[in-house]
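Peer 1: The structure's right below; bear with me while I get my questions together.
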């Protein structure tokens with residue numbers, strides 16, 4: 001035990017402390033320095049025991065318990081912050097995704113519209129071309145028919161003209177008693193010449 | 001008491017055996033009894049406060065945690081990284097002294113910190129712990145501290161005794177500071193309480209005059225509440241400073 005040495009030091013300290021106080025009369029009046037009372041040093045022994053037990057309980061049980069609570073709280077707060085941070089990241093990502101999805105959808109819709117418009121335009125073009133082609137062929141047919149009719153008409157023209165001329169001649173000359181016997185070939189030549197000159 | 005013309009200011013520091021014969025035989029006085037009460041109160045404060053162990057603390061738990069954080073910060077800030085190892089020791093010192101100081105303010109109680117043998121024991125405990133920690137952390141280099149670095153060698157015969165003396169005076173100043181503060185405060189309280197009794201016995205105007213010392217005692221009690229926590233703090237912070245020197249380098 002180091003108690004005796006501690007007691008020695010204690011009395012030494014007290015002597016030092018009270019060195020300035022003249023005489024021992026006042027010191028003797030102080031119950032704190034009444035070393036004849038066994039209770040005085042008894043409190044040192046008891047104090048050592050009580051303090052040792054106090055320290056033991058504090059360091060083994062009481063303080064670690066508080067430390068556990070504080071550590072748990074710190075971890076919990078950190079964990080909650082992590083969760084919150086992760087939730088925020090998730091939300092950000094979701095918003096990004098939403099924005100991208102909307103953007104994609106808009107782009108796709110635009111593409112669809114473009115395609116439909118394009119198709120409609122192409123269909124219209126095709127229809128127009130088809131119609132044009134039909135019209136062109138119709139026109140061509142009509143022209144062909146007109147041409148052939150004209151051809152026919154033109155072809156029958158000399159005969160008709162000759163006929164007409166002959167009958168005109170006969171009707172003009174016969175009442176006058178003139179010889180209306182002009183050869184048919186002669187009239188035909190004249191009509192042919194007239195036609196060709198008018199044609200030219 | 002009221003009829004006595006003298007004030008027995010020192011009688012409050014007398015030690016009496018508790019529980020008669022048993023206390024006498026075990027040398028168990030009110031002083032250890034109040035140490036026990038102080039320790040039980042501190043432990044009850046911690047255990048009852050931390051019983052909910054809630055993430056969001058109630059009042060008592062918050063108070064216990066403030067006490068914990070206060071000493072923990074003091075220990076780690078002052079001592080440094082190794083402060084955690086000494087934290088329970090500093091905590092025990094602080095709350096033992098604080099509870100002792102405050103218990104002494106309760107009427108009919110006893111202030112064990114007003115006994116020099118108690119404060120010297122505590123101071124020597126701190127002294128011893130710091131020396132042991134120093135020897136463990138620095139080995140024989142510990143003794144090099146008695147010669148200040150950079151001082152001229154020819155001054156060594158003068159400096160070394162001074163340094164040793166200042167080192168040895170630490171437990172003396174540590175213990176006497178606490179002891180003197182607590183004793184002075186309680187003597188003052190007792191003296192003014194005595195004045196009240198003496199004035200009250202002075203006849204017609206006595207009781208009216210006796211109010212003055214009561215008012216002073218109220219103020220003194222407030223002061224003692226401050227001194228009580230201040231002295232505990234000073235003791236604890238000096239303990240931390242000595243321990244920092246011990247584990248530094």
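Here the Cβ of each residue, glycine as well, is placed from N, Cα and C on the backbone.
Annotations per TrEMBL:
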type	residues	note
TRANSMEM	B:33-50	transmembrane segment
TRANSMEM	B:85-104	transmembrane segment
TRANSMEM	B:116-135	transmembrane segment
TRANSMEM	B:155-179	transmembrane segment
TRANSMEM	B:191-216	transmembrane segment
TRANSMEM	B:222-243	transmembrane segment
Peer 1: Who are the long-range neighbours of the transmembrane segment (B:222-243) in its own chain, taking Cβ under 8 Å and residues 6 or more past its ends?
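Peer 2: Here the qualifying positions are 71, 74-75, 78-79, 83, 86, 89-90, 93-95, 97-98, 101-102, 104-105, 113, 122, 126-127, 129-130, 133, 170, 174, 177-178, 181-182, 185-186, 189.
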Peer 1: Who are the chain neighbours of the transmembrane segment (B:85-104) in space, where the CB to CB distance is under 8 Å and they lie at least 6 residues beyond its ends?
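Peer 2: Sequence-remote neighbours of the transmembrane segment (B:85-104) are 34-35, 37-39, 41-42, 67-68, 71-72, 74-76, 79, 110-114, 122, 126, 129, 133, 178, 182, 186, 224-225, 227-229, 231-233, 235-236, 239-240, 243.
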Peer 1: Looking only at residues six or more beyond either end of the transmembrane segment (B:155-179), which have a C-beta under 8 A from one in the stretch?
Peer 2: 97, 113-116, 118-120, 122-124, 126-127, 145-148, 231, 234-235, 238, 242
